[in-house]
Amino acid sequence: MAPEKQQDNGTRLVTEFVLVGFSNLPELRPTLFILFLLTYLVTLSGNATIISIIQVDRTLHTPMYRFLAVLSLSETCYTLVTIPNMLAHLLMESQAISIAGCRAQMFFFLGLGCSHCFLLTLMGYDRYVAICHPLRYPVIMRPTVCLCLGALVFCSGFSVALIETCMIFSSPFCGAGHVEHFFCDIAPVLKLSCAESSLKALGIFFLSILVVLFSFLLILLSYAFIVAAIVRIPSAAGRRKAFSTCAAHLTVVIVHFGCASIIYLRPDSGANPSHDRLVAVFYTVVTPLLNPVVYTLRNKEVRVALRRNLARGCGVFK
């Protein structure tokens, strides 16, 4: 039971949340801990490898790979928000989290999640300019423009997160204080609000539509122009090369927006906590692992740069 305090009218207010998480699976918790820990370590290693190889290899000092490095760094921060806390709760009996801690976790989780949507949109635009306007690409995507666009991505993402977090935590919480999740997500926390939350849920739902659907439609628009440009390339080798620069990005887009749509683009979000937790495991644990794997296995330039620098490093120690 979460700690409570009582108002003058007798309403019991929650002062601390209890994350239900995987408490209903006590026999599986050690196995889940090992599985999630190994996945998390591989994810951190993969993202660190991508960031390092882009930093040290001059052939990858292009806007596309700079954005990829930012995505990898953002993914690392994204996993830091939820996974260490989840691993700790899998080991400990106590599943408690303070309201301030819950608010901070939700703000950073939503901020990074929204920023990912906008960053993937920006990466789609980068591919559009590179393929449809190759001669103007160095001018359009010059460093100052990329820096400003990157700053705009994160400012927009965290602005949306601030609005949503303030909406959710603007009223006190009642009841047992049990959050039916392994981290502080929108729907399970909103359910504990003392005030009528249907208008808040509707506002957050439409804001989620604006972020996810608008970003996805912009990416589709970019790829519509990209496909139109690729089919006009006379040689099959040229078409394959042009599409190969987009394949990894497109894979990550499908996974990221697919999971976001399943969770946040439903009016009855939170109606099935067990289903939502399962999907949440996928987009908080599995999806961050897919990104470095996809970008290293499907991207020839990253693979070549990785082999070249590994060979150079081995040569130094000989």
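Cβ atoms here come from the backbone N, Cα and C positions, even for glycine.
Given the structure is predicted, the values throughout are model-derived calculations rather than measurements.
Feature annotations, reproduced from TrEMBL:
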| type | residues | note |
| --- | --- | --- |
| DOMAIN | 46-295 | domain 'G-protein coupled receptors family 1 profile' |
| TRANSMEM | 32-54 | transmembrane segment |
| TRANSMEM | 66-87 | transmembrane segment |
| TRANSMEM | 107-125 | transmembrane segment |
| TRANSMEM | 145-163 | transmembrane segment |
| TRANSMEM | 201-230 | transmembrane segment |
| TRANSMEM | 242-265 | transmembrane segment |
| TRANSMEM | 277-297 | transmembrane segment |
Determine which recorded stretch among 66-87, 107-125, 145-163, 201-230 has the most C-beta pairs below 8 angstroms with the transmembrane segment (242-265). 201-230
In the same chain, residues at least 6 away from the ends of the transmembrane segment (107-125) whose Cβ sits under 8 Å of its Cβ atoms read 64, 67-68, 70-71, 74-75, 77-78, 81-82, 149-150, 152-154, 156-158, 160-162, 164-165, 183-186, 211-212, 215-216, 218-219, 222-223, 249, 252-253, 256-257, 260
Against which stretches of its own chain does the transmembrane segment (66-87) lie, if we need a Cβ under 8 Å and a gap of at least six residues from its ends? 21, 33, 36-37, 40, 43-44, 46-48, 50-51, 54-55, 97, 105, 108-109, 112-113, 115-116, 119-120, 122-123, 126, 146, 150, 182-183, 284-285, 288, 291-292, 295
